[in-house]
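One structure below.
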Amino acid sequence: MQYEDIALTFYCQGARLTGILSKPQQAIRRGVLFVVGGPQYRIGSHRQFTLLARQLAGQGIPVLRFDYRGMGDSEGMQRDFTQIDEDIRAALDCFFQQEQQLQEVVLWGLCDAATASLHYSHQDPRVSGVVLVNPWVRTEQGMAKAYLKHYYLQRLLEFSFWKKMVTGQFNPISALGSLGHQVLKLVANRKNVEIDTPSKQESGAPLPNKLLQDLRQFKGRVLCILCTNDLTAQEFSDLSSSSPEWKKLMSAARVTCLTLEAANHTFSQRNWREKIGAWTIAWCKSE
């Protein structure tokens with residue numbers, strides 16, 4: 001299907017924001033808003049957001065990708081993913097103005113943009129779904145656990161590791177120092193971890209607790225895509241299987257979980273990107 005890329009500007013609290021609308025010739029009534037995580041902008045790493053938007057538009061799905069305040073070509077002070085609710089709202093307003101046939105929108109985010117998208121989702125009835133790709137749930141303990149479980153154990157299974165051992169290229173002192181550092185972080189932070197309950201959801205709560213609360217509050221559909229060669233994704237995978245409530249929410253009928261084997265954090269190969277695009281298209285058109 002033919003589509004057109006249209007440059008747009010719109011405003012958020014007095015700052016001019018820049019976006020690109022990929023407009024299909026015959027658009028469906030469900031659009032996709034790409035929320036871009038920092039420090040990226042609307043093009044994405046190796047043009048991933050541009051290419052994904054065009055892949056979706058070619059199948060009739062209108063897509064808007066934009067730079068939030070302080071990033072890319074948008075005005076305003078630089079900010080992080082916890083401060084972009086108003087930017088997402090302004091982008092949705094613009095999207096609905098440009099695409100009069102829209103009835104609902106899916107928020108699509110990678111890394112901390114996935115986390116920001118889920119946080120915003122339950123605040124706006126126009127949002128019917130979210131696509132979370134390698135969501136960011138970083139904590140000291142979570143990162144240390146991911147390193148120990150997925151990086152160090154995986155290294156023991158790699159031929160290159162044992163080749164270095166045999167040929168004397170392996171530095172055991174450096175390796176043990178790095179391993180010990182991760183173990184110390186895991187042990188030091190474990191005593192500070194609290195069991196998550198709704199009553200403990202406060203503005204200062206750890207990021208995983210906030211994300212769980214957001215998932216509780218959002219009643220729409222969720223597509224979660226995890227790349228297996230990515231510690232950020234592995235950290236989320238460990239988290240989402242860490243408690244009965246996480247397991248219950250992630251196994252709900254409204255949640256679809258997919259894994260992309262061998263792919264890295266930004267799914268940098270063409271076949272990986274196209275697979276994620278195909279999954280997104282099928283999911284967006286499934287209901």
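The backbone N, Cα and C atoms fix where each Cβ goes, glycine too.
As annotated by TrEMBL, domain 'Serine aminopeptidase S33' applies to 47-157.
Mean pLDDT across the domain 'Serine aminopeptidase S33' (47-157) comes to 92 in this model.
Counting residues of the domain 'Serine aminopeptidase S33' (47-157) by DSSP class, helix then strand then coil, yields 55 helix, 18 strand, 38 coil.
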